[in-house]
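Q: The following block contains the structure, expressed as structure tokens.
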Amino acid sequence: MNGLIKDLLDDNRIKIPNHIAIICDGNGRWAKKKGFPRTFGHRAGTKPIENITRCCSELGVEVLTFYVFSTENWSRSDEEVNFLMKLFMEFFVKLRNEAGENIRVRHIGIRDNLSSELINEIKKTENSTENNSGMILNIALNYGSRSEIADAAKNIMHDIDTGSLSADKINEELISKYMFTSGLPDVDLIIRTSGEMRISNFLLWQSEKAKLWFTNDFWPDFKYDHLKNAIKYYNVIKY
Ligand code: IPE
Ligand code: IPE
Ligand code: MG
């Protein structure tokens, strides 16, 4: 076991959140501060994803979701978007080969405008980890909450039209089943780095009861200590 997480596990007052969702923000500013191009920050940002995945898995978190690319992020320069797409492809390969600890990797988001090469890597990683029984790791890539909700509405209408659903069956539980996160627990804790206190179209439906924890530190500097502080905050603050 990673010695690092032992302090949290040994503290029996601490309840570990079932679903932690992280908005990984500040890669560009982190790089700029060091005099490097933004892309350098994106690459550096993959390290804490790996590290925090390992920590959460060992802590017994059920679901961990990372927001790495929003539906709005296509408006960035072609150079940056292309770099990110290549990086995501490498990252899914890495997850497939190194997703030790019994992790199930899933993609949440719209696939339509992703390249067929990236979709292929995503599918391969999902398929090769789907029989694992440990933590579910969601990668929110080309994800946008409003479009997810709009698609759910469209799919519900479709099922009513084709007769497999009747309108009086629509309730919160049913709507949840039409989300990318169907069957997963709602978000308990949202973490956002880099001092931005926004939700940026992330898991709006699923975060009804979520507590929010922010840090001014940039994502590439995110460490276990940040996670620990966020989990402690989750345990103390009651709305
Ligand atoms: C987060 O870092 C990663 C992505 C959204 C892809 P940013 O790229 O948003 O970095 P800043 O916020 O511009 O510093
Ligand atoms: C959206 O990215 C959130 C992610 C980290 C993927 P931005 O950093 O571009 O967020 P906004 O648009 O500034 O809120
Ligand atoms: Mg940002």
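Note that Cβ sites are derived from N, Cα and C of the backbone, with glycine treated the same way.
Just so you know, TrEMBL annotations never went through curation; they're auto-generated.
TrEMBL lists these features:
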{"type": "ACT_SITE", "residues": "D25", "note": "active site"}
{"type": "BINDING", "residues": "D25", "note": "Mg(2+) binding site"}
{"type": "BINDING", "residues": "26-30, R38, H42, 70-72, W74, R76, R192, 198-200", "note": "substrate binding site"}
{"type": "ACT_SITE", "residues": "N73", "note": "active site, proton acceptor"}
Q: Determine, from DSSP, whether G28 (substrate binding site) sits in helix, strand or coil.
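A: Going by the DSSP assignment, G28 (substrate binding site) falls within a helical segment, counted as helix.
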Q: Which state, by DSSP, holds R192 (substrate binding site): helix, strand or coil?
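A: For R192 (substrate binding site) - judged by DSSP and reduced to three states - the answer is strand.
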Q: Tell me the Cβ neighbour count for R192 (substrate binding site), meaning other Cβ atoms within 10 Å of its Cβ, over all protein chains shown.
A: 24
Q: For the recorded positions D25, W30, H42, W74, R192, I199, which residues place their CB under 6 A from an atom of ligand 3?
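A: Result: D25.
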Q: Identify, among the binding-site residues G26, G28, the residue whose Cβ has the fewest other Cβ atoms within 10 Å in this structure.
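A: If we count Cβ atoms within 10 Å for the binding-site residues G26, G28, the smallest count is at G28.
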Q: Does anything in the same chain, at least 6 positions from W30 (substrate binding site), have a Cβ under 8 Å from its Cβ, and if so what?
A: G41, A44, G45, F218, W219, P220, D221
Q: Test of understanding: give the count of other CB atoms lying within 10 angstroms of the CB of H42 (substrate binding site).
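A: Looking across every protein chain shown, the total is 23.
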Q: Round to the nearest Å and give the CA-to-CA distance linking H42 (substrate binding site) with N73 (active site, proton acceptor).
A: 13
Q: Which secondary structure state does DSSP assign to W74 (substrate binding site), in the simple three-class scheme?
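A: The residue in question, W74 (substrate binding site), is helix (DSSP, three-state).
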Q: Sorry to bug you, but what's the C-alpha spacing from the residue listed as 'active site, proton acceptor' to G26 (substrate binding site), rounded to the closest Å?
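A: Between the Cα atoms of G26 (substrate binding site) and the residue listed as 'active site, proton acceptor', the distance comes to 13 Å.
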Q: Based on a Cβ-to-ligand 2 distance below 6 Å, what subset of the recorded positions D25, G26, T71, W74, I199 would you report?
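A: What lies within reach of ligand 2, judged by Cβ under 6 Å, is D25.
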Q: Taking a cut-off of under 6 Å between Cβ and any atom of ligand 1, tell me which of the recorded positions D25, G26, G28, T71, R192, I199 pass.
A: D25, G26, G28
Q: Would you kindly give the Cα-Cα distance separating the residue listed as 'active site, proton acceptor' and G28 (substrate binding site), rounded to the nearest Å?
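A: Given the Cα positions, G28 (substrate binding site) is 13 Å from the residue listed as 'active site, proton acceptor'.
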